[in-house]
Structure formats: structure tokens, C-alpha cells
Amino acid sequence: MFYPDPFDVIIIGGGHAGTEAAMAAARMGQQTLLLTHNIDTLGQMSCNPAIGGIGKGHLVKEVDALGGLMAKAIDQAGIQFRILNASKGPAVRATRAQADRVLYRQAVRTALENQPNLMIFQQAVEDLIVENDRVVGAVTQMGLKFRAKAVVLTVGTFLDGKIHIGLDNYSGGRAGDPPSIPLSRRLRELPLRVGRLKTGTPPRIDARTIDFSVLAQQHGDNPMPVFSFMGNASQHPQQVPCYITHTNEKTHDVIRSNLDRSPMYAGVIEGVGPRYCPSIEDKVMRFADRNQHQIFLEPEGLTSNEIYPNGISTSLPFDVQMQIVRSMQGMENAKIVRPGYAIEYDFFDPRDLKPTLESKFIQGLFFAGQINGTTGYEEAAAQGLLVGLNAARLSADKEGWAPARSQAYLGVLVDDLCTLGTKEPYRMFTSRAEYRLMLREDNADLRLTEIGRELGLVDDERWARFNEKLENIERERQRLKSTWVTPSAEAAAEVNAHLTAPLSREASGEDLLRRPEMTYEKLTTLTPFAPALTDEQAAEQVEIQVKYEGYIARQQDEIEKQLRNENTLLPATLDYRQVSGLSNEVIAKLNDHKPASIGQASRISGVTPAAISILLVWLKKQGMLRRSA
């Protein structure tokens, strides 16, 4: 039977991609349905109880700048907050927080259940309704049919998921959850390229069986960082430390002597695992010269005894896992409460997607998260927000939107996936962005909130706070520019006490702030330049904008030069055999990838600068030289 009411957008899956997609589509006023096999696992952290990190924290800030959920949820659930790379430049500084799994899940569910235009329904999806190469609905396991103008797949590791512990394996979406086999079969019938990937998770340890007294502690930062531009540290729950132990030669001997029982090394697992989050058996074999590896013992929550040993993801048999755990300092008597495992699952080639993450072959069908070959909650959430936005726009007969590489890490992520594809789980790093000085955590709102407002993602409260911050930045910069001190002034001695070289000429507040030894905090304690802004976010922006003004201006020039051709559109129906002068290899690659723009085409391996020049000349001759807005 058909459900009596139609929807604008259906989201299939309630993980980090699905929840952001559902919230985004509903925020934009579209009638949205979130289908999940279990309402109690909405926002579940299937692996590491943490949000953020290098590159990942940048994505979380961007999701927040566009009105998303993840940053707000972790501010309510984070039990240890740190700034990584704090001693380095602002481009690579990143926020990371340990999470209480239960509090995080509660924060996500509360937000979903209080979001207007959003309905949540508990049923697994087994089929899609496709008519004339357009998706028009979904069918659940009990045969209930839902109609919609757009359908979003955010199914994580559930598509034909297979869990491995040693040489034993069984079907599962993750530990304790069933796989989605009928939907996997249905998707394989569609004209989509499919592959298999693998990820893994470590065993969980009973904290009561660990001797923490012999281990080093790792505390969070004070003052505590905040993820959301709308948040403050008073929202954080109780803060707790993590602990550090190490593997040793005994650990490594146990692993080496049991490799024949590893499904990875025995050839049982075919899927490729994440390069930057390898299993402990992989680390021991790949880095044979290392006699130890650092392991972080991370609490899973304030009311839980479970510890997540970050660094020993494994699919070795349970008896070997016990030996590995008990070989490490402080864990000689440790007990495992959940075994580690690896999971293989289907993913679909993201090169078959438009930059909006809509399928090139099935109109109205969108993909986000691990189904696109990514790994990580943050990567999933960012894609989820983008597909929710674009599914909503499609259902309202509006053009889709995707950020450029120069606008956001989300733009880098989507461009990498849609242009290059991936053969292993894709993780975001700051090194993937060529314009990372412009794409900092601290300015995510300055880059994206105005766009989010235009798209309908940003509410009145966030918009008012954003404009207040802009005004504070502008007012303070003008004040510092127009406040001067001379070498002969009474205040010169006070100023010179904070400088490595005394004043030799008149200097403004901005001139002084450009000096390496001067900070905004110091500057605004000096009589001529007091008081400091009470808006800490605005104060941070003032300091960064002044200190890095020259570098930022140079990078902006680079972006403008690159954008002249980057946004030149390529017709989706163009047969590149029509373009004389291109090599057969280039023609084959362009016809295979069908890039949306010159920028995308230039990043395809084997497409040379000469080929790009030929393309531009041909487009001009044909009167087809058009640039996107």
C-alpha cells in the first residue's frame, strides 16, 4: 500500500549523513521523511566516540556555519575538548572533542524530533520506486510505499554488510544491527558502478579492569574550545581525561604470529580499508621498524564503563584480541566487553554523481556518506547537509548548489569524490585543500553563513548573531586603524615594554598587531588601545585578519586567477570526440568522467593543460563559453 501523504524528500538512513540531510531539507520548508531501521540509533557513533580533528573539525565548522546540527550536538555531549596544532598557524588548527555517546545521540534525536516539516518512521527500506530513470519513492520491508520528489541514500556500512572476526564472518550492518541486503541487490540493478570497501573498530574495554595509575593522562584545554558559532563552553557537560598506553614487542609478536588467522591477510576480506586509520595488524606490518605504537584510552561516556582504545582497530580472532589488549601497560588484567571487528560493505562510484551529489543516471536520487566511499562522521555530515539542501531544491524545482574548492572543505571533498573518485575510504585533511589559508575553522561562518541564509538554511537567530559579529569586527578594525601612538607619546614606554624593538615612528594599533611578538590580548591591555572586544570570536578574527592580511590577499589573487577558467561549464551531453585536437586517451577519460566544469576536467588524471586549452578554444568557437555563478 501507499502511505496516504506524499513527501518532498525521503532520507534513507539515520546516521550522521542522514540526520543532517533530514534537518537541512526540513529547514528549507520541504516535507521530509526520515526512514530508519531503528529510531533509537539515530545519530549513533558506530566507532570512535569523538568529533573533529585535522580537516574534520573544519568540516564540522562549515556544517555549523550553514545551520547544521553536528557542532551543536557535540557542544552538548563533548567530555573533553582540545585544539590540535595549537602552536601552528590558524589554517591548520583544528578542534576535537571526545563525546559521551549517549548524550550525543540524545542531542541529535531531540533536534530531529523538534524540527518542523520532518517526520521520522521506523522501517528498513528494501526497494526504490524508479520510473523512466527518475526515482519517485521507496518501499519498506513491510511493503509500505512512500512517494517523494527526491530520495537520499545515507545507508552507511549497511549495504550487504559483512562483519569479520578472525576467519568467522556473518552478515550485519554494524555490530548488533542487520544488514540491508535487498536494497543492495536493488541498487546493483541500476546503472551504477559498485565496489566494496572495508573499515574496522577496536575492542571495547571495561574501565574497571584497567590500572590507570600507571598511565599518562591527557586533559582537555582550558579555556574549553567550542564547536558551534552559536555555542559557549557553559553548554559542555563534565570534562574527563583520556589516558595513554603503548603497544610493545610482546604485542607485535602476538600479532605477527597470528597473521594467518587475520581475514585481511588470509584473503577473506576483499574490500580496501582506510589508509589513515589502519588496523593494528596493518600498522605492525607496514611499520616494522617501530617497536611501539601510541594507544589512547578514551572514555565512551560519563555513565559508561566502556573504554575505546584508539589505535588497535582489529579483525583478529577474539582470543588474539585478548592477548593484544593484555600485553599493554595498565591493561594486564583488562576485560573486553565488545570484540573488535572489520566490516565490508558496498559503495557506489562517486564519479557517477553531479557536484550536488545527485546521480547522473537516476534523476532525483542522491547519495551521501560512506556509500560515496568516504570514512568519518564529519565527512558524512557535510555530505548529508549538501544532499539535504539539494534534494530540497530539486523538489522545489530550483537549481542545485555546491561550494567551490576555494569556498569550503566541503567543496574540496565533493570535487575530489566526483572528479577523481576513490579506491579506498576517503578522509579529509587540510593538505587536500590548495587554499587552506582561506579555509580556516575560525572563518567558516564568514565564508558560508551568508550563502546559507540565501539558500534558506540559516535561521533568524544565527543570522542576527552573524551580523553582530561582522559589525564588531569592522568597528574594531577601524578603531585600531585610527588609534595611533608616537615614539614621544606618554604611552610609548608602556607600548615599548611589549615590543622586541622600540617604536621608531608613529604606529597604529594594526601596525603594532602585525608585529610577531604582539597579540590582540596584549595590545588591548595597553592604555591607548584598551578595551578589548568582549566578543571573543570577533576578537580572534581581528587578530588573524590583521596579522595574515598580506598572505590572505595573495591567496585571494591566486583564487581569482584560477576561477577565471575553473567555473567554465562543460555540457553534460558533450561527446568529446567532436573536439578536434584531443588525444584518444583524453577523449576516453572525459567521456568516462563527464566533468561538469573545466576545473573538474583539469583535475582528472591524464587530462593535460594543453588539452584544457584546446577545450577552451573549442568552447569559444562554438559559442558555448559559459561560466557558473
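Each Cβ is built from the backbone N, Cα and C atoms, and glycine gets one as well.
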Point to revise | Same-site residue for FAD (record: Swiss-Prot; known: Gly13, Gly14, Gly15, His16, Ala17, Gly18, Val125, Ser180; options: Gln323, Gln329, Gln363, Gln370) | key: Gln370
Review point. Looking at the binding-site residues Ala17, Val125, Cys277, Met285, which sits with the largest number of other Cβ atoms within 10 Å of its Cβ?
Key: Ala17
Review point. When a 10 Å sphere is centred on the Cβ of Gln370 (FAD binding site), how many other Cβ atoms does it contain?
Key: 30
Review point. By CA distance, which of the binding-site residues (Gly13, Gly15, Ala17, Val125, Gln370) lies nearest to Arg275 (NAD(+) binding site)?
Key: Gln370
Review point. Who sits close to Gly273 (NAD(+) binding site): which same-chain residues at least 6 apart have their Cβ under 8 Å from its Cβ?
Key: Leu197, Lys198, Thr199, Gly200, Met264, Ser279, Asp282, Ala342, Glu424, Pro425
Exercise for review: Select one residue from Arg275, Lys283: among these binding-site residues, choose the one with the most other Cβ atoms within 10 Å of its Cβ.
Suggested key: Lys283
**Study point:** Under 8 Å by Cβ from Glu281 (NAD(+) binding site), same chain, sequence gap 6 or more
**Key:** Ile255, Leu259, Ser262, Met264, Tyr265, Thr314, Ser315, Leu316
Practice item. According to DSSP, folded down to helix, strand and coil, what is Glu281 (NAD(+) binding site)? Key: helix
